[in-house]
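TrEMBL annotations:
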BINDING   W32, K36, D77, D202  S-adenosyl-L-methionine binding site
Amino acid sequence: MGNFICTRTVSPDSSLVTSVSPTLLPRPFLKWAGGKGQLISQYLPYFPDSFETYHEPFLGGGAIFFRLQPARSVLMDINDELVNVYRCVRDRVMDVIVLLEEHQLHHGQDYYYWVRSNPGTTDVERAARLIYLNRTCFNGLYRENSRGQFNVPMGSYKNPKICHVDLLQAAAIALRHTELFAHPFEMVLEHARTPQDFVYLDPPYYPISATSRFTSYNRYAFNRDDQIRLRDVFAELARRGVKAMLSNSDCEFIRDLYADFPTHTITAARSINSNARRRGKITEVLVTSYR
């Protein structure tokens, strides 16, 4: 496949957001496994009444962050490509938009697989590539092989909307006062230290059946020992008086791990599944360090 060359130019101030629809609230611009957009209404009664700094060590699609719109936040994810997307949307959103418009123009089967095979050389190219693939791949799934290469085939969408200009600009505004780190979840202990901190933890869920695939969406495995280490981090946050809230599978192992903390049952619908008949409702647990 021949090279595709971006022919457009960007204004000198490529980070400038000129206008956003006043009725458009920031919301996730990526579809991410385990996204919490459909669960926020159930979470609302459990959010703390007040806090100064919001922390999210498993950022993913960022639905809770965009819903809360905290004045100060520290956002982390171990996936450095994902964190790069958020940094570029925050700092260089117009550059990202220009490249996404090019992807929109050229989109097709050959182009999709060419982009998938070419990760790009600059941060902005990598960010636009990930958003493009996320918008056009099969079932909106993000998956990597053991070498960290995106390997999801193209989806069957007729006219996918690749560049949501207003949505990206609204996200850039929401991200203006965030700190972003590509760190493992334990690093939250370096940032959250006081009762004025609120930490939301949304890890890869503990698999509840042999066919569960919650832990296989990227190259970073999250096993039983990791779940135990996460419980220890949660317990340390609670010891410090930090307000902590965690989501996970509703199963005996998770309930036993967090038996010392208030645990609430949430009804969820899983939409990232190739078999529509398996996209049913399940229960999850929501654990808090406070009552």
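Easy rule for this one: first residue shown is 1, then count along the chain.
Just so it is clear, glycine is given a Cβ too, placed from its N, Cα and C backbone atoms.
Using the Cβ center of W32, K36, D77, D202 for S-adenosyl-L-methionine, the list of other same-chain residues with Cβ within 8 Å runs, in sequence order, G34, G35, E56, F58, L59, G60, G61, G62, A63, I64. Farthest C-alpha pair in the S-adenosyl-L-methionine-binding residues W32, K36, D77, D202: 16 Å apart. DSSP assigns W32 (S-adenosyl-L-methionine binding site) to coil, not to a helix or a strand. Ranking the binding-site residues D77, D202 by other CB atoms within 10 A of the CB puts D202 at the bottom.
Cβ environment of K36 (S-adenosyl-L-methionine binding site): Y43, G61, A63, I64, D202, S247 lie under 8 Å away, each six or more residues apart in the same chain. In the three-state DSSP scheme, D77 (S-adenosyl-L-methionine binding site) is classed as coil.
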